[in-house]
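Engineer: As annotated in TrEMBL:
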type	residues	note
DOMAIN	577-737	domain 'NACHT'
REPEAT	1132-1173	repeat 'WD'
REPEAT	1173-1214	repeat 'WD'
REPEAT	1215-1256	repeat 'WD'
REPEAT	1339-1380	repeat 'WD'
REPEAT	1380-1421	repeat 'WD'
REPEAT	1422-1463	repeat 'WD'
REPEAT	1546-1587	repeat 'WD'
REPEAT	1588-1629	repeat 'WD'
REPEAT	1671-1712	repeat 'WD'
REPEAT	1713-1754	repeat 'WD'
REPEAT	1755-1796	repeat 'WD'
Amino acid sequence: MQDNNNNYNDTDEKDRKYVKEIKTLVRLFGDAINGEELQKKIVHHNGNIEFVIKEIVQQFVEKEDKLETDHKSNNKLENVEQVITNLFYLSKQEQGNVVNEINGNNKSVQKEAEKTEVGETKPGINLQGYCNNEICLVSKAKLLVWVNVGFGNTTFISDKALFSCPDCKKSTVNLIVKAMFYNSEHSICASGDLIPVKDNNYQCSYTIKSGLSYELKANKIRQHAQSIEDLRERSEHAMNSIEIKNLVTELQKYEITVVKPSSLKGNERLLEKIQADYGGDFNQAFDIGRFTILCDNPTKLQTAVAVMKKAEQFNLIVSEDKDFFDKQSKTHHRFHNIKLYVPKHDVYIEMQATLKNFTTLEGYTVIENPKLSHLFYEYIRAWKPNNSLEEELKQASDETLTKINDIICEWIDKKEIKKIANHYKPHSEIRILKPPQLKGINEEEVNAKNDITLKLIKFVYDQLCKFNPKEAKGQAIYAVLFEYFKRHIMGEKNPASYADIISILRESRKQELEEDTTMLQALEMYIPLQANNYPYTDNDDNKNNSSYDCYQHIIDLLAEEKEKEEKKSEEQKQQQVIILQGKSGSGKSLFCRHLEEVLWEAHVNSFTTPIPVYISLPKCYNELNEKQTISHALQMKQINKEMMDVIRENISFVFILDGFDEIFDKYDKNNNEKYFYDRFNLNEWNAKIMVTCRSHVLNDGDIQRVLIGSKNITATIPMIHLWPFSKGQVNGYIDKFVKMNNKNKITDNLDWTTKQYEETLQNYPNLNKMMEEPFFLRMILTVLPSLMKQHSIGTKISKSQVYEAFNEQWIDIHVKNISNKLSELRIQTNPKKIKLAFQQYCQNLGFEMFMQGNQVATENDYKGYSFETLWGKLDLTIEREIKDDDDKAEFKVNKIDTSVSKTHSVWKKYFYGDDVAENISKRAKVNDTKISVSDTWGKYFHGDSIAKYVLRRVGDNKYQFLHKSCQEYYAAQKIIFDILSWKPDIATVNNQQFQEQFETCVKQLSINHKLLNEELSIVHFIAERIHDNNPIFTNLQSRLFRIIEASKNSEDVSIAAANAITILNSANVNMHSKDWSNIKIPYAILDHAFLEGTNFSNANLDNVRFYQTCLSKANFTNASMNNIYFGEYAHLEGHSNEVTGIIFSPDWTKIASYSIDKTIRIWDTSSRKQLHVLKYSAPIKKVHFSHDGSKIVSCALDKTIQVWDVLLGQQIRLFDRLPEAVNSAEFSSDASKVVSCSNENIIRIWSVSSGEKIQSCYGHSDFFIMSKFFSNDSKILSCSERECIIWDASSGTKILSFGHEYGLKGVQLISDGSKVVSYGGDTTIVIHDTLSGQQIQIFEGHTDYVRGIQLLPDDSRMLSYAEDKTIRIWDLLSGKQLQVLEEANFVSTAKFSFDGSRIVSGSQDGTIRLWDISSGKQIQMLEGHSANITGVEFLPRESKILSCSNDGTIRIWDISLERKIQLTEGYIDVITTVLFSPDDSKILSASAKTMRLWDVQSGKQIQVLEDHSDYIGGVSFSPDGFKIVSYSLDKIRLWDVLPGKQLQLLEGHPEPINKVRFSPDGSKLVSCSYDKKIRIWDISSGRQIQLLSGHSELIIDAQFLPDGNKILSHSQDYTIRLWDALSGKQVRIFKGHKNFIFRIELFPDGSKFVSCSREKIIVWDISSGKQILLLEENKKNINEMLLSPDGTTIASCLKDTTIRLWDISTGKQMQILKGHSDFIREIKFSLGGSKLLSYSEDKIIRIWDVSSGKQIQALEGHNGSINAICLSHDDSKLVSCSSDKTIRLWRSDNGKIDDITKASVIDNIWRVGIQSGLSMKDSIWKNTKGLEGQQKLLAKQRGGKF
């Protein structure tokens, strides 16, 4: 348009006057005709715009091909005139009112059109006149102006008026020349006129005559009806009138579609609309009668308007003309609206013309979902908002409707519509979320509510869910509606669709990982983790079992859950839980992130695909609002709170809840519902749950209650245990680490290769165990180069030392970065001080986290903790203090000031402002000028706190340490240095003064702030430092003892004392023989502690744990012991002989036991008290409770059957004595009858009430096993050794029989009586049908005869146990074997747990084992019984087991796996041998497949030697003590003692090796084997250098003679042979024994030897081969023999538990040593030979005086069989080992063993290992307070004294 105007500006002066007209024409026709043509036409017509318009329109009309006839042409001309009229009024403002009327104007009118006019006409009254304001430009130009008066009344005198000028705004228009009424009903009356002129034409003009007065009235057009019904009737008549029909016909001639509504709107709808739109005034309603005029194109639309404006020819009046086709209406509908007045019916009818492309009229529209905009309009049309929120929504709704109409009516161009449509995504793809406002409301309720907002929301939501547009317009409408829905209904920050949720959560995950670079790097190095259904242990059995890929297993579980979901009940559907457990550092969090990552990668935008969400529980958990844990977590992921209900209803998830163990302490304090699923409201979410937890943090009971749920006791909740890395996985990880290091420069050791790492790690074998856990492996690899510099090859590196190196390196990196950046500003810094400040910061924060029980620190805006006073206190100095009277020193570290001012926030002192960085800046200088923090630190680090450099950011303002274990390490360091930093006021003090001063500070120490029981990892870190060789920790052990001592005098340090003793116990420090009277250590953990002989009199021991603790000889006089825990219970005392069996009453409240002591005893289950003793005259065979538990029936070897009243303990029936012993007696279901069977092969049925026999059944021909009623009492099942018979109970007749080929051992009925399961003398179990007797199932698998079976109550599974030492679990339906449990001994009994997940078994060796069925693994072994187990039962609702044994006891066992304290030097297996090194500085022990070296002085473990794949047969030191040889089966291993490295692997013997010995010079080894061969090996090369053959049976032993040139051997061929070691030839053979030779002893000079077999002892001369002495034992009782060091005496042990001493010179017996009560295992002479030491199965080491034959000492302490003893080479010490899994070192107060007398005191210097079992022998419990009755009884039973 502007260009055209410019062209016109270039025209000549002649044409300039037509500029305005041309502008008007351009406005009218746009680009339809070019500017030059317009100019020609306007010039041609001398500026008459009317003629130009007529000519142009005529040209357009002539192009319509279909209008051919003359009649039509005439009509066209009329149409053109109407179009001109329409166009004229459309553009009257631009034309400046050039024309007034088209037809009938005279010259004056035409002249008037030439005048320029000012102002505009509007609906109502418009007056035209002149302004008389002299300064008004309009007045000066004498231009006419229009004044709009509007609707209403006005009167004036034409030349004396007073109206406002539109130009000057003054009331100076005083001359009126014309009046025009527009779109109104009006009247005009001049002075003198009697009747006013009235009209309702849309535009009427009147000339105003000068001097007359006028009255004008104009009202909005209104209907004239009397009522709504009247209006409806008029409208309907008018729409059907001939006038309207003629108009419609005329329009249709131009192929214009006229749509008449099928019916008028109903009254109810009309009234509602009229009330809302017009305040109830129905006469303002015009759309009651409305026609819609639809045109194909704009030209036809112009034609339609022109035709309608000529409505006068049809006796209709055009009363209102509103054009909203080129000018937007309020709603942006595009139409031309004309109101036609139908005089005949006095009503107005609307004619609404538009294009077909723009209509939404159903049946005529091309718009998809045409009702949408109309319905949307209907919802918001009459809406009157009640508040500001509704007001905002109303406004947004109006705007949205406008946008929709803009699209429908194309107020925006097609490109823009296409652009909007591109945002469209269908509901099927993005899944629209149901608005939260609709929660819990159905459609009926929405419609019933008078809530427009709710209805609108429901409408929009439904539209978005159902509307599926295909075309651009429809898609654009959908996109606009969705945008409205998202912003104004859901909330702009809230997700509106499933796709939004996915997008938000994806972005949140990305952001979380970007902030957590450590996790990102770890994911790059991820190695798939292995797992199993049971925890990994170090047992060989576990190593041989294959694990599975953890990720794939969980994916399979999730898939299985999905498949089963439809079949499950709603409650079951809600509880899809997987529990993942793993040790610290096992990679739980890493695995969770990996699982989340892979699930996201596999995720498709499907409604059925769950969204994975990783949730760190420590970060999200709030104990005050547990139910909102998931919501809180999602809010942290940018999902707003108000959307939670919507998300819950619409979306399924996989919630990965990580770190449950880290919140457990806070969680467990809540005593309400324990099950986390309910506590976290997880049932409200459609989610599968995986929760991770550190192993051993929760005991079995906690896991059941908290993670599984007591209600789900029968549910199968997948429990997955992460397994450690295999060697292959470790190598794979190392390779990835090297690549990652080269890529990201994790460390400075970029030159290290994978091979170098692997080779270096081989030099530190004790790291192997740590490397099995991913986090520790990464940590070790990170610091391995620095560890190698600090620790020599073979050194044992503790976990604490690894953490120390790692954290120092971590801090060093950041200190270096800080220093480098500050140096760029030439700022001088002290990196050492910065490092110390960082370390102090970490210690304080780590301890604060421990105190708060929170692993996440939150940054806030407080300005807090300053290090300003720290710098002068960080230089550590070492001083000495007097530790005891021997002036032994302990090191002291100056105290580091850790005081922190209190603030409003726990974490404020660790973040913002005054952090370490600030202090660096405060002390830094540039050219001796101090630099402010804001200038330096702010510039480079943007004011970040220290948290950015040493912590992981895990969310907005949330920080964690790199790993929870790092926080635990720093908390431990804080406690340690807090203890070590104290020093006395004066340099020289004695021990008492030192202790007194120290006690004054204990209360303030960090160790006194909180019990460490729930943070056993902190305990472990501190305990490791006790054994650390770094001098800084030398004082730690003694300081902890001092803290315990301090508690004697103050209750205020009881927490510190309890923590101290717990730490010492964790370090396996011996605490025996201490004087700890009056100490206060409540809640201490003393599990497995060695407290033998310790005095606890008057001590506060409340709530202390003593699980499997050695309390022998401990004194508890007057001690307070409330709520202590022993982990064991007193056995039920009463029976005096073997207990045959135990059974529970049906309600589990009572226990009945029976014995060969001729009694039945009834016990209360809960109190364990004996209620009644029922006495018999003979051993009892069987006992059976009635179904109501009120009676017992019993039978015994005295041939009687008796019925007893359980409550009274009295006999109520004695049946007739039978001819033979009764084997079984059982009640019927109603207890009215008893069925019995006896050795006379008769079954009898008895009446309980009368005692009479009711029925006898004959048919069995052999020994009876049992008989019992079917559940309905109609039949009886009986079993003998040959067959089973089913009998009719009423008649006693035989129904059917069946049997086993090799005889029967027992049977059991299926609960419904349809089948019988039987087992017999063969290896099978068979099921028979009880109706047909047919065999229907056979179970095969056992390799020896089956001893017993048990069925689960639901008959789904069965267990069986057999003579093959196995327990097998079977699926009863399929017959498939599910699991095999392998025992070490014969199984005598076994039972299922109530939930079927475990089995308890009893063995002939007296042990009880607990098994996990899913894994087939032994969980626990319970030792205490001394004879065969005859019965086992699980206790209901308790984690306990009941057992009875042939030892005459009934025991109760606690099987809950409590949190176990980690012992830093723990031992896990039975020790089989011990020996001193040649220099007596070390002790070597062996157990199973492991050897350990111990420091004699301290008892500390020096080295662990592990490589044997089978049990170690023997070990010995080389003569110089630098090497060790060990052997197992067919392999011999040679070790270097110092580094603990294997030097040689000697292989050659094809069969098991019996003995390996060093040569005297240590250069060779001799070995002998089952292969009947002797081999000699060169140690340096590892080569076999000689093979000696000659023995005909396996060789027992071979040894070098003192000269090293000859070898002596003995074999099971009863011969002894002498060999030349150099040639390998046999030199001599010694024959004389007729039995197995088990021992040879060489004389000191090597000239003679003594040999021993069961029946004789022979002394031989080596050179001659002759017998010198023969000592015979006719009874073949010799089991051990030993030669004295001086070669003068022989000691022999006999099976009668005596030791005999023989004088070699005379051959006479010198002494008989008596004292042992059990089999003697070994004897040893002291170095001088004056004393003899012996040990036996009675667990006592006895020392004898050889000369007198008297026992002078008995060493007691081991509570298991002693396996070996060894005397030190200097004769000062004795070491012993036992099956109780401990080693004890003994020492006499007078130095030498040879010097021991009866008065000597022999101390147990130390004990190492973990003792099995609770020892209380000779403990003292006088006046002990708080012990429960059962605990007192337990102490008495274990040898305690009261």
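One is the number of the first residue shown, and numbering goes on along the chain from there.
Glycine is treated like the rest: Cβ placed from N, Cα and C.
Note: TrEMBL annotation is automatic and uncurated.
For each feature listed, report its degree of burial, its nearest neighbours and the pertinent distances within the displayed model.
Structural biologist: Nonlocal intrachain contacts for the repeat 'WD' (1132-1173), taken as residues 6+ away from its ends with a CB within less than 8 angstroms of a stretch CB, comprise 1179-1185, 1187-1189, 1192, 1194, 1196, 1204, 1206, 1208-1209, 1427, 1430-1431, 1433, 1435-1436, 1442-1452, 1830, 1833, 1837.
According to DSSP, the repeat 'WD' (1173-1214) comprises 0 helix, 25 strand, 17 coil.
If one looks beyond the repeat 'WD' (1215-1256) by at least 6 residues along the same chain, the residues whose Cβ comes under 8 Å of a Cβ in the stretch are 1181-1182, 1184-1188, 1190-1191, 1193-1203, 1262-1269, 1271-1273, 1276, 1278, 1280, 1287, 1289-1292.
With a threshold of 8 Å between CB atoms, the same-chain residues lying at least 6 positions outside the repeat 'WD' (1339-1380) that come near it are 1302, 1305-1306, 1308, 1310-1312, 1317, 1319-1327, 1386-1392, 1396, 1399, 1401, 1411, 1413, 1416.
Within the repeat 'WD' (1422-1463), the DSSP-based counts of helix, strand and coil residues read 0 helix, 18 strand, 24 coil.
Across the residues of the repeat 'WD' (1546-1587), the predicted structure has a mean pLDDT of 95.
Sequence-distant contacts of the repeat 'WD' (1588-1629), counting only residues of its own chain at least 6 positions beyond either end whose CB sits under 8 Å from a CB of the stretch, comprise 1551, 1554-1555, 1557-1561, 1564, 1566-1576, 1635-1638, 1640, 1642, 1645-1646, 1649, 1651, 1653, 1660, 1662, 1665.
Counting same-chain residues at least six beyond the ends of the repeat 'WD' (1671-1712), those with a Cβ under 8 angstroms from any Cβ of the stretch are 1635, 1639, 1641-1645, 1648, 1650, 1652-1659, 1718-1725, 1727-1729, 1732, 1734, 1736, 1744, 1746, 1748-1749.
Distant neighbours of the repeat 'WD' (1713-1754): 1679-1680, 1682, 1684-1686, 1688-1689, 1691, 1693, 1695, 1697-1701, 1760-1767, 1769-1771, 1774, 1776, 1778, 1786, 1792-1794, 1796-1798, 1800, 1802; these residues of the same chain sit at least 6 beyond its ends, with a Cβ under 8 Å from one of its Cβ atoms.
Note on the repeat 'WD' (1755-1796): residues 1090, 1092, 1110, 1112, 1467-1476, 1478-1480, 1483, 1485, 1487, 1494, 1496, 1499, 1721-1722, 1724, 1726-1731, 1733, 1735-1737, 1739-1743, 1802-1813, 1815, 1817 of its chain, located 6 or more positions outside it, place their CB under 8 angstroms from a CB of the stretch.
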Engineer: Using DSSP, how many residues of the repeat 'WD' (1755-1796) fall into helix, strand and coil, respectively?
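Structural biologist: The repeat 'WD' (1755-1796) comes out at 3 helix, 20 strand, 19 coil.
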Engineer: Per DSSP, what is the residue tally for the repeat 'WD' (1671-1712) in helix, strand and coil?
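Structural biologist: Within the repeat 'WD' (1671-1712) the tally stands at 0 helix, 24 strand, 18 coil.
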Engineer: Quick one: DSSP breakdown of the repeat 'WD' (1546-1587) into helix, strand and coil?
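Structural biologist: Once the DSSP states are binned, the repeat 'WD' (1546-1587) shows 0 helix, 24 strand, 18 coil.
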